[in-house]
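Participant: Before I ask anything, here is the structure I am working with.
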């Protein structure tokens with residue numbers, strides 16, 4: 001069996017070597033020649049897996065080690081009898097850590113009390129739902145917009161326009177789609193961006209084209225009261241440098257790049273491939289993850305929850321380093337910028353998640369215990 005895989009997928013040998021020969025190559029370099037004799041294709045979001053890529057090849061299983069599937073031609077897969085799998089939720093905790101770290105950083109820069117802000121979460125899937133749980137555990141005011149879930153469940157959802165009008169902080173966590181009942185391509189276009197309330201913060205850690213980047217540039221140029229945090233960009237790996245210059249924080253699509261999340265994604269695709277091949281899944285991720293540098297934290301039950309959040313979050317992640325590295329990469333010509341964007345992702349240093357922390361509470365505090373559980377950490 002021949003496996004063609006994105007070279008940046010972690011633990012390829014540990015999970016897949018026993019299935020057959022692994023041929024590694026850059027995700028953006030995959031073409032028809034590369035998959036001409038492949039049985040299994042393993043990718044990330046940078047590879048568009050389409051009919052044009054696979055038609056005529058022997059590929060019968062495609063696994064993407066990512067949450068999203070907008071880079072897969074699922075309709076054609078069904079027609080061609082190609083099985084596929086994604087890794088839903090694999091890096092959700094890492095993205096939540098990124099958003100929380102960004103909020104803490106902006107609060108420090110602007111001298112804002114986070115508890116006094118109203119939060120709008122657009123998209124309540126794997127990432128959004130976890131973020132909502134943390135914000136509510138802190139007792140903060142949260143509004144949620146998710147039209148597909150609202151249509152299916154009813155419940156306490158609001159419209160996107162209400163989010164824009166009422167919320168001081170808006171965090172986007174939608175998939176990218178151009179069709180269907182709720183398309184998200186340019187969900188925030190020029191008209192909607194101009195509805196942002198005075199002093200609003202906009203965070204996009206979903207897909208770049210959920211926000212019209214050209215329109216956002218123009219709005220930020222006109223309105224100095226707004227702040228934007230962007231981890232994703234239209235046209236990646238090319239970045240709108242003028243837009244990046246206007247963002248208070250900018251990073252190269254690494255919000256979900258925690259070590260745990262990336263390796264969890266590989267493990268989920270391994271399990272799916274075992275199912276496809278009707279083989280037992282005998283390899284466990286817990287046996288492969290390295291020990292975290294910070295394993296346990298003690299908190300006094302009397303401490304302020306926001307202080308506790310800051311300690312736990314900063315213990316694993318601070319977005320300012322990634323922002324600085326990203327800005328240093330935005331020099332030179334267009335070709336060098338594109339290479340630098342991918343290099344930052346390929347060479348990304350190990351980053352763990354709050355979920356891996358063990359937290360000991362000295363004393364009793366249900367509020368702190370609820371926060372720790374919402375963050376995914378373990379009370380001991």
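The backbone N, Cα and C atoms fix where each Cβ goes, and this holds for glycine too.
If you look up Swiss-Prot, you'll see 207, 236 marked as active site. Taken from Swiss-Prot, the feature active site, proton donor covers 253, and the record attributes it to sequence analysis. Feature annotation from Swiss-Prot assigns substrate binding site to 45, 66, 257; the stated evidence is sequence analysis. Here Swiss-Prot flags 126, 127, 146, 174, 205, 206, 207, 231, 256 as NAD(+) binding site, drawing on sequence analysis.
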Participant: Counting only other Cβ atoms and using a 10 Å cut-off, which of the binding-site residues 45, 66, 126 scores lowest?
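Facilitator: Result for the binding-site residues 45, 66, 126: minimum number of other Cβ atoms within 10 Å at 126.
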Participant: Near residue 207 (active site), meaning Cα within 10 Å, which of 66, 126, 146, 256, 257 (binding-site residues)?
Facilitator: none
Participant: Does DSSP put residue 126 (NAD(+) binding site) in a helix, in a strand, or in coil?
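Facilitator: Assignment for residue 126 (NAD(+) binding site) reads helix.
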Participant: Near residue 45 (substrate binding site), which of the recorded positions 126, 146, 205, 236, 256 can be found within 10 Å, Cα to Cα?
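Facilitator: Near residue 45 (substrate binding site), where near means Cα within 10 Å, there are no recorded positions at all.
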Participant: Taking Cα-Cα distance, which of the recorded positions 66, 236, 253, 257 are within 10 Å of residue 205 (NAD(+) binding site)?
Facilitator: 253
Participant: How far is it from residue 146 (NAD(+) binding site) to residue 236 (active site), counting Cα to Cα, in Å?
Facilitator: 26
Participant: Three states by DSSP: which one describes residue 205 (NAD(+) binding site)?
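Facilitator: In three-state terms, residue 205 (NAD(+) binding site) counts as coil.
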Participant: If one looks at the chain holding residue 236 (active site), which residues at least 6 apart in sequence have a CB under 8 angstroms from its CB?
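Facilitator: Counting only residues 6 or more apart in sequence, the Cβ neighbours of residue 236 (active site) under 8 Å are 46, 208, 253, 341.
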Participant: Take the C-alpha atoms of residue 66 (substrate binding site) and residue 256 (NAD(+) binding site) and report the distance between them in angstrom, rounded.
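Facilitator: Rounded to the nearest whole number, the Cα-Cα distance is 9 Å.
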Participant: Whole-number Å distance between the CA of residue 126 (NAD(+) binding site) and the CA of residue 257 (substrate binding site)?
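Facilitator: Between the alpha carbons of residue 126 (NAD(+) binding site) and residue 257 (substrate binding site) there are 15 Å.
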Participant: Can you give me the same-chain residues 6 or more apart in sequence from residue 256 (NAD(+) binding site) with a CB-CB distance under 8 Å?
Facilitator: 67, 90, 91, 92, 94, 95, 98, 205, 262
